[in-house]
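Going by Swiss-Prot, these are the annotated features:
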SIGNAL    1-20  signal peptide
DISULFID  CYS22-CYS72  disulfide bond
DISULFID  CYS36-CYS87  disulfide bond
DISULFID  CYS39-CYS126  disulfide bond
CARBOHYD  ASN43  N-linked glycosylation site
DISULFID  CYS47-CYS103  disulfide bond
DISULFID  CYS51-CYS105  disulfide bond
DISULFID  CYS108-CYS115  disulfide bond
Amino acid sequence: MRVVLLASGVLCLLAGQVLSICSPVDYTLYVEKPECDFCVAINTTICMGFCYSLDPNVVGPAVKRLAVQRGCTYQAVEYRTAELPGCPPHVDPRFSYPVALHCTCRACDPARDECTHRASADGDRCSKPLLLHMHAYPGQSNHIQTL
């Protein structure tokens, strides 16, 4: 009997992982500053994927407790800094960006997460000449573990 319960528990844990496919994926940011001469493409990772959600069609206070609204968000993130080329001396050429290390499914907390994002219809575009190779400062690590 204990073996059956243990096997059932393990299967439930595995099913939860299968139903929630949320992981870091490659993403390219296009960054430019008005004062600088170039736009740069920065390769990073973001959290993306499917998280199990449940939104009942019935209205009422008791039903609200049944709703499960979770999104794919950062569990561990590291911030890196790139230096934008072609900036005049009075302009700070540094740009910091997040790199997703681990992702998780959880309810959005507006105090710590960006809960909504409206992408432009055109996608990312540069208004200046594009430089394709950007590297973070060597040896930099600003690892932040969140729970």
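Heads up, the Cβ atoms here are built off N, Cα and C, so glycines get one too.
Where Swiss-Prot records a feature, it is marked here on the structure.
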residue: CYS22; record: disulfide bond; CB count, 10 Å: 22
residue: CYS36; record: disulfide bond; CB count, 10 Å: 18
residue: CYS39; record: disulfide bond; CB count, 10 Å: 19
residue: ASN43; record: N-linked glycosylation site; CB count, 10 Å: 13
residue: CYS47; record: disulfide bond; CB count, 10 Å: 23
residue: CYS51; record: disulfide bond; CB count, 10 Å: 20
residue: CYS72; record: disulfide bond; CB count, 10 Å: 22
residue: CYS103; record: disulfide bond; CB count, 10 Å: 24
residue: CYS108; record: disulfide bond; CB count, 10 Å: 14
residue: CYS126; record: disulfide bond; CB count, 10 Å: 14
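Ranking the disulfide-bonded residues CYS87, CYS105 by how many other Cβ atoms lie within 10 angstroms of each Cβ puts CYS87 at the bottom.
For CYS126 (disulfide bond), the spatially nearest entry among the recorded positions CYS36, ASN43, CYS72, CYS103, CYS105 is CYS36, judged by CA separation. When the recorded positions CYS36, ASN43, CYS87, CYS103, CYS105, CYS108 are screened for a Cα within 10 A of the Cα of CYS22 (disulfide bond), the ones that qualify are CYS103, CYS105.
Ranking the disulfide-bonded residues CYS39, CYS72, CYS87 by Cα distance from CYS51 (disulfide bond) puts CYS72 first. Proximity to CYS105 (disulfide bond), defined by a C-alpha to C-alpha distance within 10 angstroms, is shown by none of the recorded positions CYS36, CYS39, ASN43. Straight-line distance linking the Cα atoms of CYS72 (disulfide bond) and CYS103 (disulfide bond), rounded to a whole number, equals 7 Å.
Here the candidates are the disulfide-bonded residues CYS39, CYS47, CYS103, CYS108, and by Cα distance the one nearest CYS87 (disulfide bond) turns out to be CYS39. Taking CYS47 (disulfide bond) as the reference point, none of the disulfide-bonded residues CYS36, CYS39, CYS108 has a C-alpha atom within 10 Å of its C-alpha. Rounded to the nearest whole angstrom, the C-alpha distance between CYS36 (disulfide bond) and ASN43 (N-linked glycosylation site) is 20. Looking at CYS108 (disulfide bond) and the residue listed as 'N-linked glycosylation site', their Cα atoms lie 25 Å from each other. ASN43 (N-linked glycosylation site) carries a strand DSSP state (E or B).
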